[in-house]
Amino acid sequence: MIKNIDRHRILILDFGSQYTQLLARRIREMGVYSELWPWDVAAERIQAFHPQGIILSGGPESATENDTPRAPDIIFTLGVPVLGICYGMQTMAIQLGGTVSNTHQGEFGYAPLALKNKNALIDGLEDFVNANNEPCLKVWMSHADKVTKLPEHFTCIASTETCPIAIMAHPEKHFYGVQFHPEVTHTLQGQSLLKRFVLQICQCEPLWTPRNIIDQTLSELKDQIGDDQVILGLSGGVDSAVTAILLHRAIGKSLTCVFVDNGLLRLNESQQVLNIFQDQFGLNIIHVSAANRFMNALKGIQDPEKKRKVIGRVFVDIFDEQAAKQKGVKWLAQGTIYTDLVESAASGTAKSHLIKSHHNVAGLPKEMKLGLIEPLKELFKDEVRQLGLELGLPNAMLHRHPFPGPGLGVRVLGEVKQEYCDLLRQADAIFIQELQKAELYQKVSQAFAVFLPIRSVGVMGDGRKYEWVIALRAIETVDFMTAHWAELPYDLLGRVSNRIINEVKGISRVVYDISGKPPATIEWE
């Protein structure tokens, strides 16, 4: 087994770009470990991390303002390569003696970039040749400020029509700045440029692979747990599923999984979870049927946030009750992943604005005196899926669309009732079945049905009936931060509507949600 597979590591300092997590994932895809820290992290932490290279992300601020973020000065004294992207390039230029100006003429979208001088970062990269016989790249720009004077010993490597210094470099120190975004797919040679920086200039060895991650994680789990007992809340989602299989591989029957059927799951989901994890993989599972308990707790509650809190509280109560029945349990396992920690600002890297309180991070029962095990906390979702494939989990489970923690509790608008959940489950299953038949399920990022607690008139035979309404939602997105409604074929939508109205008794109308994000969110509640 290869040890210390994260010994070659890239540190990314986050200045607030919407693409920063994507940047970290791009580096992981090369097989190199990367971490994402806030820009104002303490200098001692950076030194202790021992990065092989440092990347400064983009950001929404103007580098021309005096009170905007700056990189810790220590990064320019460590003797490691530094790559500044967009805002990261601008703050690098200012901090090293250059000038950045707001020209009131930004660049947004595609731009042809002409390579003026040879450099290790971009030599051999080319999308086309321009009329001046210069090799050019098609890049994605998103900036209003630009570097107008180079720091001492820097060279201009590339230009666009409105940005004379689009790439700058200090060849001896291996400091580089690019005004565009290499991490997005719109920059055609972006991944090649990042690979050049990480693998060649920083000389990182690609050891961060699914097989190596599994081997190292299993070894660490065995050392950490020994002969102790571990308890895990199994939801059937990707994160808890991979956590369960990893722990089962490491400690076998010392793992007890608690699976709570809250009555808010998708059609047949409870049985599918038991079939896979209990029958196929042989996990020790305590199955708690608690639909009535959840429905009683939700009675009369319409506010979405209150519903979320009630569902979370009841789950914790049930989990506590089951944990108390187990003898000798010393560890609580969770499927926390890296994005949970980043978004909850709970990784303790520096001051960071709290984006949201994630249920895995903020919802721990305070009275539980158990050690915490989070074997996936350094992994992004796509890495977790890769581990799942290596571990033998079904592809269909690993690539299911996201499902909210409160389940159908936030897809039934207003008060949650068993009747509403039953209707919604059937309608949702029909929608997903038809998407799969049309081979469109994996082409949309997320698709689901929503129950609207309003009665609409319909005609059934010779009579008029007032029955419920179902809304269908399908979106396309790269990062779930912004999304476009999926332009599904009309004939598909027609089939789905006809099936739901004919097969789900109590539904008389089906509508399709064509709202983007923003202004709408992906979920209705």
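Including glycine, each Cβ sits where the backbone N, Cα and C put it.
Feature annotations, courtesy of Swiss-Prot:
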- Cys86: active site, nucleophile (ACT_SITE)
- His181: active site (ACT_SITE)
- Glu183: active site (ACT_SITE)
- Ser235, Gly236, Gly237, Val238, Asp239, Ser240, Ala241: ATP binding site (BINDING)
- 9-207: domain 'Glutamine amidotransferase type-1' (DOMAIN)
- 208-400: domain 'GMPS ATP-PPase' (DOMAIN)
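Each residue contributes its Cα atom, and for Asp239 (ATP binding site) and His181 (active site) these two points are 30 Å apart. In the three-state DSSP scheme, Glu183 (active site) is classed as coil. In sequence order, Leu234, Val242, Thr243, Ala244, Gly335 are the residues of the same chain, not among Ser235, Gly236, Gly237, Val238, Asp239, Ser240, Ala241, whose CB sits within 8 A of the CB centroid for the ATP site. Ranking the recorded positions Cys86, Gly236, Val238, Ser240, Ala241 by Cα distance from His181 (active site) puts Cys86 first.
Look at the Cβ of each of the binding-site residues Gly236, Gly237 and count the other Cβ atoms within 10 Å; the largest number goes with Gly236. Regional average pLDDT for the domain 'Glutamine amidotransferase type-1' (9-207) in the model is 92. The Cβ neighbour count for Ser235 (ATP binding site), using a 10 Å radius and every protein chain shown, is 23. When each of the recorded positions Glu183, Asp239 is scored by how many other Cβ atoms sit within 10 Å of its Cβ, Asp239 comes out lowest. The secondary structure of Ser235 (ATP binding site), as reduced to three states from DSSP, is coil rather than helix or strand.
Looking at Val238 (ATP binding site) and Glu183 (active site), their Cα atoms lie 25 Å from each other. DSSP assigns Ser240 (ATP binding site) to a helix. Highest Cβ count within 10 Å among the recorded positions Cys86, Val238, Ala241: Cys86. The Cβ of His181 (active site) has 23 neighbouring Cβ atoms from other residues within 10 Å, across all protein chains displayed.
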